[in-house]
């Protein structure tokens, strides 16, 4: 029998110490990685619940194990809320991650060697959209589109490539693109060549849920997302679609048993909470502020003479090119880290440096907005970053910024009393 008094602190001091240090880091550091956010205590509570004990292969009402009557309720709540949130007819909440959701879509609708047309990783796409190092680029014939000289997706190029290569599937989505995707145009191109349209909205799902970014569900054959990032839930995946019995059956089979075994019902419970939170009016206010904050930060960088890819942002993120300053993303990332500002180095279009070094930084505002930053704080923060980038090896500047960061983080904590 287990005692509820046997906490991590009492049982494993080494692990507890690392967890406490991470909690302190999250409170004292400013988080600007576009794919990161902070979950609510309720989301974390669900992930640490007794639901982790239950194995439940199959789907609600059709399980391969007994004793699933209550996890069926949990999973159905998550399904129903996801469908309501995104206006979908179908939702599969079982994918363990966004990448696994994407892999399941390919498995469901493609055969090995089929052609897919996705956004180049070097131009802001994602590994799972056909990058050569990913299974999506190894199992399928991946053709890549990119952005033009103004940093915008070249839809004429997308159409030309689609007509030339006749892909079975066109993938719309990104990991580092700051503009609005033209879903009707993607749909028209897909229809022209008889391709499936698959949208990966992992980065903007929260914005979509709040109505501040176009919803791809009415246009796509299949939509996937992660449940963290802007959606502010647990780390996990989600597949959505309009009503289509054939596609729904293929998707369900591709997730289980095609690519996963038992679902993580404790994470699915956390997804259900996340979807409920996203259905509240205050979530829309939050997402509107996320975009305002990103625009405010990008504006400061432009004023200070830095190159923002695409010339600005219409969502939660933007890419800063440091080619003109001859600064590597790796060095800039490290310097900002010493100031307690967490970002990630990122390749930029026509980057002369390797993907491990890069000439750019990616910024995102979901996490700072969660802790209460508004335009004033974000402009101030962008100014501090510019000060560091202007003199990367000036430790006095870095030290001064670090003290300012610690002060504003103390004023605007992630988790209050």
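Note: Cβ is positioned from N, Cα and C throughout, glycine not excepted.
Since we're looking at a predicted model, the values are computed, not measured.
Annotation comment: Swiss-Prot describes 121, 125, 126, 127, 354, 355, 356 as (6S)-5,6,7,8-tetrahydrofolate binding site. Residues annotated as site 'Plays an important role in substrate specificity' in Swiss-Prot, with sequence analysis given as evidence: 228. According to Swiss-Prot, the N6-(pyridoxal phosphate)lysine annotation covers 229.
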- List the Cα distance (Å, whole number) between residue 356 ((6S)-5,6,7,8-tetrahydrofolate binding site) and the residue listed as 'N6-(pyridoxal phosphate)lysine'. 23
- Message: What whole-number Å value do you get for the CA-CA distance of residue 126 ((6S)-5,6,7,8-tetrahydrofolate binding site) and residue 229 (N6-(pyridoxal phosphate)lysine)?
- Response: 15
- Note on the structure: If you measure between the CA atoms of residue 355 ((6S)-5,6,7,8-tetrahydrofolate binding site) and residue 229 (N6-(pyridoxal phosphate)lysine) and round to the nearest Å, you get 22
- Query: Counting only other Cβ atoms and using a 10 Å cut-off, which of the binding-site residues 121, 127 scores lowest?
  - Reply: 127
- Can you name the residues of this chain that are 6 or more positions from residue 125 ((6S)-5,6,7,8-tetrahydrofolate binding site) yet have a C-beta less than 8 Å from its C-beta? 118, 119, 131, 144, 173, 174, 175, 177
- Message: So if I draw a 10 Å sphere around the Cβ of residue 126 ((6S)-5,6,7,8-tetrahydrofolate binding site), how many other Cβ atoms end up inside it?
- Response: 24
- Message: Please report the three-state DSSP label of residue 127 ((6S)-5,6,7,8-tetrahydrofolate binding site).
- Response: helix
- Largest inter-residue Cα distance among 121, 125, 126, 127, 354, 355, 356 [record-listed (6S)-5,6,7,8-tetrahydrofolate binders, Å]: 17
